[in-house]
């Protein structure tokens with residue numbers, strides 16, 4: 001999925017508003033994912049999956065850091081996320097549908113915290129951004 005210039009502007013603007021909350025928002029989105037889609041828990045058998053746990057917070061920071069890198073390199077998502085794609089495809093073997101589920105929960109979390117900023121246009125751009133990230137992360141599954 002190709003991000004337009006307007007999409008890139010929207011993604012950078014909303015991610016700028018996320019700011020220092022990125023890790024917390026990503027952790028909240030992970031907790032939402034695990035609660036709403038219990039099958040996603042199978043990849044984390046060693047985690048305390050209760051909302052707010054140190055492990056959820058830690059993994060949320062990893063997700064947020066990866067997304068922040070993606071936002072900073074919107075014109076080179078494949079290069080930016082290549083190592084992460086290798087990890088998820090070859091070592092972790094995460095079912096690709098889980099990226100879509102997490103993306104949905106990330107949008108819900110953004111809406112909960114930044115409702116005034118998540119206009120329909122920004123929402124559409126973030127959907128495209130998360131879909132682009134998911135496409136890159138699953139590109140090495142083939």
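Every residue gets a Cβ built from N, Cα and C, even glycine.
Quick look at what Swiss-Prot lists:
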{"type": "BINDING", "residues": "59", "note": "O2 binding site"}
{"type": "BINDING", "residues": "88", "note": "heme b binding site"}
{"type": "DOMAIN", "residues": "2-142", "note": "domain 'Globin'"}
{"type": "MOD_RES", "residues": "4", "note": "phosphoserine"}
{"type": "MOD_RES", "residues": "9", "note": "phosphothreonine"}
{"type": "MOD_RES", "residues": "12", "note": "N6-succinyllysine"}
{"type": "MOD_RES", "residues": "17", "note": "N6-acetyllysine"}
{"type": "MOD_RES", "residues": "25", "note": "phosphotyrosine"}
{"type": "MOD_RES", "residues": "36", "note": "phosphoserine"}
{"type": "MOD_RES", "residues": "41", "note": "N6-succinyllysine"}
{"type": "MOD_RES", "residues": "50", "note": "phosphoserine"}
{"type": "MOD_RES", "residues": "103", "note": "phosphoserine"}
{"type": "MOD_RES", "residues": "109", "note": "phosphothreonine"}
{"type": "MOD_RES", "residues": "132", "note": "phosphoserine"}
{"type": "MOD_RES", "residues": "135", "note": "phosphothreonine"}
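Per-residue pLDDT, averaged over the domain 'Globin' (2-142), rounds to 95. According to DSSP, the domain 'Globin' (2-142) comprises 114 helix, 0 strand, 27 coil. A simple way to gauge crowding: the CB of residue 41 (N6-succinyllysine) has 13 other CB atoms within 10 angstroms, across all the protein chains here.
Taking CA atoms as the reference points, residue 135 (phosphothreonine) and residue 103 (phosphoserine) are 12 Å apart.
Counting every protein chain shown, the number of other Cβ atoms lying within 10 Å of the Cβ of residue 36 (phosphoserine) is 12. Annotated pair residue 103 (phosphoserine) and the residue listed as 'O2 binding site', C-alpha to C-alpha distance, rounded: 15 Å. When each of the modified residues 9, 132 is scored by how many other Cβ atoms sit within 10 Å of its Cβ, 9 comes out lowest. The modified residues shown are 9, 12, 50; of these, the one with its CA atom nearest the CA of residue 36 (phosphoserine) is 50.
Across the fold, the C-alpha of residue 132 (phosphoserine) and the C-alpha of residue 109 (phosphothreonine) stand 19 Å from each other. Candidate recorded positions: 4, 12, 17, 25, 88. Nearest to residue 41 (N6-succinyllysine) by Cα distance: 88.
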